[in-house]
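Trainee: Under the heading domain 'Radical SAM core', TrEMBL lists 5-227. If you look up TrEMBL, you'll see Arg14, Arg64, Thr95, Lys155, Arg254, Ile255, Arg256 marked as GTP binding site. Look at TrEMBL and you will find Cys21, Cys25, Cys28 tagged as [4Fe-4S] cluster 1 binding site. The feature S-adenosyl-L-methionine binding site is assigned by TrEMBL to Tyr27, Gly68, Ser119, Met189. Taken from TrEMBL, the feature [4Fe-4S] cluster 2 binding site covers Cys249, Cys252, Cys266.
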Amino acid sequence: MLIDGHGRTVNYLRISVTERCNFRCQYCMPEKPFSWVPKENLLSFEELFLFVKVAIDEGVNKIRITGGEPLLREDLDKFIKMISDYKPDIDLALTTNAFLLPDAAQRLKDAGLKRLNISLDSLKTDVAAKVAGKDVLSEVLKGIDKALEVGLQVKINMVPLKGINDDEILDVMDYCKAHGMKVRFIEYMENEHADKALKGMHGREILAKVKERHTIKALGREGASPSFNYLLDDGYEFGLIDPHKHDFCESCNRIRLTAEGFLIPCLYFDEAMSIAEHVKKGDVESAAGVLAQVLKDKPKENRWSEEELEDRELSKRAFYETGG
Ligand SMILES: Nc1nc2c(ncn2[C@@H]2O[C@H](COP(=O)(O)OP(=O)(O)OP(=O)(O)O)[C@@H](O)[C@H]2O)c(=O)[nH]1
Ligand SMILES: C[S@@+](CC[C@H](N)C(=O)[O-])C[C@H]1O[C@@H](n2cnc3c(N)ncnc32)[C@H](O)[C@@H]1O
Ligand code: SF4
Ligand code: SF4
């Protein structure tokens, strides 16, 4: 079992398979970074899989593939199949912007993927284009339809932003309800790479919008998930991810692995340790040693709380590197 320095059990591994992306979301990567990680510095799927096996053998039972945009990485379905064949009952999921899903959904399902979380910030063509930096909506909606058609479970992630998509909270919720998908509204997490002019909506403001049309009942958090769930009067359940409270850090159960082989203990902080040289040599024991060190030093909580944001520098961690 993997236990961190604060006594928390870690059973969830998020793997970012590429930092590259075909979108330029204002809250994540409004501009292409000065340089991408050179392709030769990326770990191969075989190398990543060596670590995945260590993690699974130590108790990881939930793996999420993310990015950048994970569907840009060639042969992703083969990596998914490696994991699924090794542990068929693992909770194996992917987070994607869905642009390439119309073509990829069936292959992912056949490879053993179980769930998809898809980012959808607007149902208006112009607003979706403004957030993502290009015209994306029709392909994204096609991707969602295709994922549902092939039988993947789908959740939707929306980041409500003031003056941009804050008038669409109820519309996105209705769309998700009509398609049998859960929506999670995510508070914008301030970071150095995002568009400086952005203003996120606070969880309480998001809930106030929902309450304009519904009565809601708080259900609570689902296990170690950062999502706090609510039930609408008509039985529909939605979630709110509110890192500015950071109470969910108390039950944090996750670590992150990047495409370059960095193990990242927390989404907020810059600290990371590399397993690259070890897995390149096939030295799984040393990789397991790095994992143990990263767990020992895992921070207790993030620093997105409102008081802390006022008097400190923004987080330097790029969401497109860590995969959110
Ligand atoms: N602050 C914080 N936010 C997180 C963490 N994990 C995920 N999130 C944010 O939650 C949002 C949704 O994450 P997803 O990639 O859909 O994954 P998930 O919420 O673990 O998904 P489920 O397994 O379906 O619960 C993303 O914007 C993440 O950045 C975390 O450890 N800390
Ligand atoms: C970094 S993306 C990677 C996967 C994929 N490209 C996508 O967009 O779903 C993972 C998640 O992080 C979220 N995200 C990115 N930057 C964020 C920020 N500054 N605040 C809150 N959520 C953010 C996105 O909305 C998405 O749901
Ligand atoms: S949030 Fe996802 S889709 Fe948007 S720029 Fe970041 S990695 Fe790309
Ligand atoms: S912000 Fe850091 S400590 Fe909190 S849940 Fe996320 S990874 Fe864990």
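In case you wondered, yes, glycine gets a Cβ from its N, Cα and C as well.
Because TrEMBL annotations are produced automatically, they should be read as predictions rather than curated entries.
Burial and contacts for the listed features, if you can.
Mentor: Around Ile255 (GTP binding site), taking its Cβ as the centre, 23 other Cβ atoms fall within 10 Å, counting all chains.
In the three-state DSSP classification, Cys25 ([4Fe-4S] cluster 1 binding site) falls within coil.
Other Cβ atoms within 10 Å of the Cβ of Ser119 (S-adenosyl-L-methionine binding site) number 22 in total over all chains.
Around Cys252 ([4Fe-4S] cluster 2 binding site), the same-chain residues six or more apart in sequence whose CB sits under 8 Å from its CB are Asp4, Arg8, Val10, Ala224, Cys266, Lys298, Glu301, listed in sequence order.
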Trainee: Considering Cα atoms only, can you say which of Tyr27, Gly68, Ile255, Arg256 is the nearest neighbour of Cys21 ([4Fe-4S] cluster 1 binding site) among these binding-site residues?
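Mentor: Checking each of Tyr27, Gly68, Ile255, Arg256 against Cys21 ([4Fe-4S] cluster 1 binding site), the shortest Cα distance is to Gly68.
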Trainee: With the Cβ under 6 Å from ligand 2 as the test, give me the qualifying entries from the binding-site residues Cys28, Thr95, Ser119, Cys252.
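Mentor: Close enough to ligand 2 are Cys28, Thr95, Ser119.
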Trainee: When the Cα-Cα distance from Ser119 (S-adenosyl-L-methionine binding site) is computed for each of the binding-site residues Cys25, Arg64, Thr95, Cys249, Arg256, which gives the smallest value?
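Mentor: Going through Cys25, Arg64, Thr95, Cys249, Arg256 one by one, the Cα closest to that of Ser119 (S-adenosyl-L-methionine binding site) is Thr95.
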Trainee: Suppose we screen the binding-site residues Thr95, Ser119, Cys249, Arg256 by Cβ distance to ligand 1 with a cut-off under 6 Å; which survive, in sequence order?
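Mentor: So the answer is Thr95.
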Trainee: Going through the binding-site residues Cys21, Cys249, Cys252, Ile255, Cys266 in sequence order, which have a CB under 6 Å from an atom of ligand 4?
Mentor: Cys249, Cys252, Cys266
Trainee: Rounded to the nearest angstrom, how far is the Cα of Ile255 (GTP binding site) from the Cα of Met189 (S-adenosyl-L-methionine binding site)?
Mentor: 18
